[in-house]
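According to TrEMBL, the transmembrane segment annotation covers B:25-43, B:50-73, B:79-104, B:142-162, B:168-188, B:200-216, B:222-240.
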Amino acid sequence: MTHYDGWFMLAAILAAFAANEVWRVVGVALSARLHEDSAVFSWVKMVATALVAGLVAKLVLNPTGGLALAPLWLRLGSVAFGVAAYALGRRSLALGVAAAAATLMVGTAVIAPGAPP
Amino acid sequence: MGQPELAGDERPPRVWALRGARDSLSTPGFVLFGSFVGFGAMTHDFGWPLWAAALSTALVWAAPAQLVLAGSLASGAGIVAAALAVTVSAVRLLPMVIAFLPVLRTPRTRLTARLLAAHYVAVTAWFEGQRRTQMMPRSARMPYFLGLANGLVAGSTIATAVGHAAAGALPTPLSVALLGLTPIYFLLSLERGAGSVGERLAILIGLFMAPVVGVLTPSLDLLLTGVVGGTAAFVIERALRRRRETP
């Protein structure tokens, strides 16, 4: 486990805030003139969607930290259960998230009940 | 909910703001808080101090950006490289802001109020804000949304701190489940927010592409996955649409 210097951490968060906020500000500037249904915006949205989906895959396949205590098949299985519950529950986020979390919890309890975190 | 809204135009903004804040304690709100407990626990594992985890939620207010930041720093990236990755993940906020502001504003809404509203745009606040303000009088929308969003930020910041503090003390199965909330929450929110075939394609391509690209170039994998995968989804959707239009 790494421990970050306080000033480094503060600078990183402020930089992330600025890097994130810039698109909200640009959005305000453009919202008066640009249309959500233009081709450029559907492309931008798909790029962003693919990026976040890629992040999800990375988090599930190569987790850092405690999630790695669950084996790969359990992590994939929990996502599959979550997606299935979401689809069967008429696209209910709560149901999907709860099903995935319950799968992880029960699975980890069965496999490694006493493992230190 | 279910109450007559006709008298709303005369009600002061404060009443709408309070109603919005109250509505942040709803199912989508609790899913969001749960996932921030998971994020807080994750930052603990990444070696962040508690104040940094809570500050990132209160200030950045975009879970994907916060995760990208944590992931980049953990893989040894510097602040500039991490900020670059964050800004790529945040591009998705642009169309969300553009789509939502016309719903919120009135002809008298000032620039500062529009900037403030845009700051709160993030997946859950955006989704719930759009859904719930649709039926409200126009003058009620901005105060309602600001109340809702502030409630969500406050709850999420507390949840982040709780997750960080509890990470070491929780039984293993519970902490694993909390850490697992974030990826499934993101995946399902992406699907929930996807308005087109192209966006669903982008989800699938991103999911399968990132692990492959990650082996080739571990540092630029998310950027490459976004640009290449998103463009591929865009091109495929255009091709499908053209085929449908030409008999």
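In case you wondered, yes, glycine gets a Cβ from its N, Cα and C as well.
Just so it is clear, the model here is predicted, and its values are computed rather than measured.
For the transmembrane segment (B:25-43), the partner stretch with the most Cβ pairs below 8 Å, chosen from B:50-73, B:79-104, B:168-188, B:222-240, is B:168-188. With a cut-off of 8 Å between Cβ atoms, the residues of this chain six or more beyond the transmembrane segment (B:168-188) that come close are 31-32, 34-35, 37-39, 41-42, 44-45, 63-64, 67, 203, 207.
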